[in-house]
Every structure is written in C-alpha cells, then in structure tokens.
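Feature list (source: TrEMBL):
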DOMAIN    182-484  domain 'Phosphofructokinase'
BINDING   GLY189, ARG253, GLY254, GLY278, ASN279, GLY280, THR281  ATP binding site
BINDING   ASN279  Mg(2+) binding site
SITE      GLY280  site 'Important for substrate specificity'
BINDING   THR307, ILE308, ASP309, MET352, GLY353, ARG354, GLU408, TYR460, MET461, ILE462, ARG463  substrate binding site
ACT_SITE  ASP309  active site, proton acceptor
Amino acid sequence: MDALLPVIRPGLVHSPASTFRDHAFLFFGSGRPVKNWNPIQIPKLMKVKAEAHKQVSTASSAPSIDFSDPDWKSKYEQDFEARFNIPHITDVLPDAVPYPSTFCLKMRTSVSPDFAEGYPSDEKWHGYISNNDRVLLKVIRYSSPTSAGAECIDPDCTWVEQWVHRAGPREKIYFKPEEVKAAIVTCGGLCPGLNDVIRQIVITLEIYGVKKIVGIPFGYRGFSDESLAEMPLSRKVVQNIHLSGGSLLGVSRGGPSVSEIVDSMEERGINMLFVLGGNGTHAGANAIHEECHKRRLKVAVVGVPKTIDNDILLMDKTFGFDTAVEEAQRAINSAYIEAHSAYHGIGIVKLMGRSSGYIAMQASLASGQIDICLIPEVPFNLHGPHGVLSHLRHLLETKGSAVVCVAEGAGQDFLEKINATDASGNIILGDIGVHIQQETKKYFKGIEFPADVKYIDPTYMIRACRANASDGILCTVLGQNAVHGAFAGYSGITVGICNTHYVYFPIPEVIALPKVVDPNSRMWHRCLTSTGQPDFV
C-alpha cells in the first residue's frame, strides 16, 4: 500500500528551486522582475507548499531565460510548445493505425459489433476537433509588472503567447471499440461530482461502441487486493448515480507499486484507464503512463482532476469546488445567526484548503457575512495589537458580533508539529479552527470581556454532497473529453477547463506544485474589500 507513496506524495514543504524555475511563467507578478531571479528572494507569501515527485520536478525542462538574447521570446514560445506537447501512443508505437471515428452525433443508431472493413461515421459532420486547435493559456496582457495580479515573464511584461491543446472528439481514433477494455478508478478523498464523471465516462464510451467497461474499487488498492472484484459498468448501472454524493467505486489513499498496477492492467486486458484524483493521484497516473510507455503497451492513461480545494495549476477550476463554495454558505450563515443572536457572539467556520485558500476566499465573498478570512497564503498573528484577536474585540465593541472563516491549512505555524502523514503522504495538519476557538475564549476571558464563541466544521458534510448544477456541467464535459482524448490516442494527459475552454495538459505540467491564491490578485483584494479586515501582521 505504501509502495506508491514515492510517486504520489504531495507533502507540505517548499518546492525545489528547479520547479519554480520551470514554471516561471506562473509566478512572476506583483511588481517583481525576474531577470537573474533567485527563488530564495521570493516572499513567503508566494512560496508554495509542495514537494514534487522526482519525475515531476525534472519533467518540465524549461531552461533559464537570458533576456539579453534578442530572440528570447521566440525561444521561450518554442520551449513552451514543446513542454506542453501532449504524449501520443504513436510516440512509442509509430506504426499504430488510425481509424475513422465511431463518435458521430449525426448517427443515432447503436454501433454494430461487426465493423467489417470500416466504421460507421459521417465525414460531413463538422463536430470534430482538429489536432492543431489550440487555446490561449493567458488572456490578460499586463502593461506593467506592478499591475495587480500581474504574471510577467520578463521585467517589461512582454506579451508572450502560450498555447495549449484543445480538447474534444477527433476524426481519427487509435483504438477499435470492440478491442477496448476501459477501467475507471477514483482515488484520494471524496469530492462532489465523482459519480457525475464516472457516469459520463461510461455513457461516452458506450457511444463510441465500447462494451467492456469496469470500475476498479477503492482507488489504486483495487488493482492488488484480490478480495476486491472489478465492477462491470454500463449505462444502466450508472444512469442515476449522479443523484447521490460519494463515489460508486469507493475511494482510498495509497496503493501497490506502479509495476504491480501495470501488471494487473495487463492481466485484466485493460487498455484505457481513467483516473479521477488530485495532484498525488495524477502523479501516480503519470507514472503508470510512463511504465506502459516503457513496456511499449498500447494503453491510454487519462486523468480527470478531482480536488475540492481547486489547487491544480493552470485550470480555471476543478470539479467539486463550486459545490463546496455553495455548501459552505450554510455553515457560514449558521455561524452568522449564532453570532448575531448572542451577546458578543463570535462564529468560527473552518473550511477545506490545505495549501490553497480558494474555498475560504470565495465562500467569504459569496456570503457577505464574513468579517475575517484567513488563508494559508497570507500570514497572520493571533495576538498583539495588530492580531486577529485584537480585531475581534474591535468588532464586538463596534458591531456586537463577528464571523471568522479560516482555511484548514492556515496558521499551521501556531500548532505543534506531529510529523505524521496519511496514506497518500500528506502531512496531517493541526486543527487551526479548534486552536482559534480556544485562543479566542482564553483571550476574552483574560481581559474579562464577555464573548460567546461558536465553532463549526462542515468539512465532511460538504465532501459528501452531490454536485450542484455548475459542477454537474463541468463533470459532464470533463468526462466526455477524457474519453475523446483516450480514443484520439493521447496518454499521460489530464483534461481541464482553461479560460472557459476545455483543454488537454501533459500531467507533469499541472502537478509540479499546487495552485495558490496570489495575495496581490484582484480576487483576494475583493475579499479584503468585502470583509474590511486589516493586515494581521
């Protein structure tokens, strides 16, 4: 079970300098020029808590940029294109034969099991995506590195085009549907939308004509545990699973070694694997892809990013995030009512967000009831004249109540380190919500100021919810495009939404480190405007 940990460990330490250098295009904003930059000089606010797997930290091989070279821009764009080129089965099997796609919405009849000399398709249908279609990764042209949220590559904020592959069905496919055995696996923790994605993958596979579809139970563990039988899947089985939360297949962390997983896939005849999970799970999926590549197997491994924290690089959002923000409103409103109804009432709500404060930030913005929002990316003090507790006293004196929203990964420096990890290798965090609750009670008792403190942790209630309408749409399209990518012959990729368009990314580029809130971004500034909170340093 622990054998996968070296591959899927996304622990909580500062990223290696090489990772920052390879992903320079993401982090150089906020008025900080990058010529001859040194990662040690990056402020604590912008350091990312992540440990990239060795494959990840070396996969992105962007060279250091020499801005004195007049051709640096074109060289950077060429290097970017090479890094974001998505792997294809023809890379290892150059003689792989393409076939006309069996996916055509102009054809309403079921695909026949007897394909004879060809496949039923309509070449006049203009619903296919060209392999040369691209989506622009960054759409804002910043005029100055001092603009809020600016992401600049050079000190002059030169506009550099960065294109990624558009997702969708291709006119040519590299797998015969009757020869496909597709497997779906869900790893990590629960997240709203898992069943929606499973359902849509199965439905789309059947439209292509695939008859053999199975679910691997309880994450990667299901590949090695002989007591766990694979689950046959069909449209009939998955028809209504999206109406419930959780995962039809079950989830778990950790698993067998990559070699054992690929051995199991070969024994079962699996040649399409769809992996639903976060950064660690995707690192495992990429290792599986690399092992299949090394063995020269005709196998497509496609990821669908599942992280309720919305902390995967380059993507607008991941599924489950919108639902989490919406469900968090119930907890925040309850905390507000408790605080508002009590004499000197204080409501504290802890939300998900190990290294990224997106849920806490967006939930605070959406509710309009939060007075203090605390996230991992922005340091704060609890005590002292500029601390959180002092501001709470000011709020009670001026408005009679206060509501605090804190992300689970915030303020970990205040808590005792236990140096323990879960089965995925994540460092087990201290409970910052309980800590703030206790320190708040102590503070007001010490100054003999009456305060009624209530604490709410809705984490597991939110994780177990069914997806809302917004996430339901996202899950549907992600599931469809995962299947389209696999049939197109791509492997070692993940599907995501970028600037409202659906795209394919090579897995190493999105898992090198978590996406975090930029404290100089407009969204964080909007949150501060909404809460009215000061800096707590």
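If you go along the chain as it appears here, the first residue is 1 and each next one adds 1.
Here the Cβ of each residue, glycine as well, is placed from N, Cα and C on the backbone.
Residue density at ARG253 (ATP binding site): 23 other Cβ atoms are found within 10 A of its Cβ, drawing on all protein chains shown.
The Cβ of ASP309 (substrate binding site) has 28 neighbouring Cβ atoms from other residues within 10 Å, across all protein chains displayed. For the pair ASP309 (substrate binding site) and GLY280 (ATP binding site), the C-alpha distance works out to 13 angstrom. For THR281 (ATP binding site), the spatially nearest entry among the binding-site residues THR307, GLU408, ARG463 is THR307, judged by CA separation. Packing around GLY353 (substrate binding site) is summarised by its Cβ count: 28 other Cβ atoms lie within 10 angstroms of its Cβ, all protein chains included. In the predicted model, the domain 'Phosphofructokinase' (182-484) has a mean pLDDT of 95. Spread of the ATP binding residues is 13 Å (greatest Cα-Cα distance among GLY189, ARG253, GLY254, GLY278, ASN279, GLY280, THR281). Sequence-distant contacts of MET461 (substrate binding site), defined as residues of its own chain at least six apart whose C-beta falls under 8 angstroms from its C-beta, comprise GLU327, ALA331.
Within 10 Å of THR307 (substrate binding site), counting C-alpha to C-alpha distances, fall the following of the binding-site residues ARG253, GLY254, GLY278: GLY278. When the neighbouring Cβ atoms lying within 10 Å are counted for each of the binding-site residues (GLY254, ASN279, THR307, GLU408), the highest count belongs to ASN279. Counted within 10 Å of its Cβ, the other Cβ atoms near THR281 (ATP binding site) come to 31, all protein chains included.
The Cα atom of ARG253 (ATP binding site) lies nearest to that of ARG463, taking the binding-site residues GLY353, GLU408, ARG463 as the candidates. Calculated from their C-alpha atoms, the gap between GLU408 (substrate binding site) and GLY189 (ATP binding site) amounts to 15 Å.
Taking the Cβ of ARG463 (substrate binding site) as reference, residues of its chain lying under 8 Å away and at least six apart in sequence are, in sequence order, GLY189, LEU190, CYS191, PRO192, GLY245, ILE308, MET352. Every protein chain shown contributes to the tally, and the Cβ of GLY280 (ATP binding site) ends up with 25 other Cβ atoms within 10 Å. Counted over every protein chain shown, other Cβ atoms within 10 Å are most numerous around GLY278 among the binding-site residues GLY189, GLY278.
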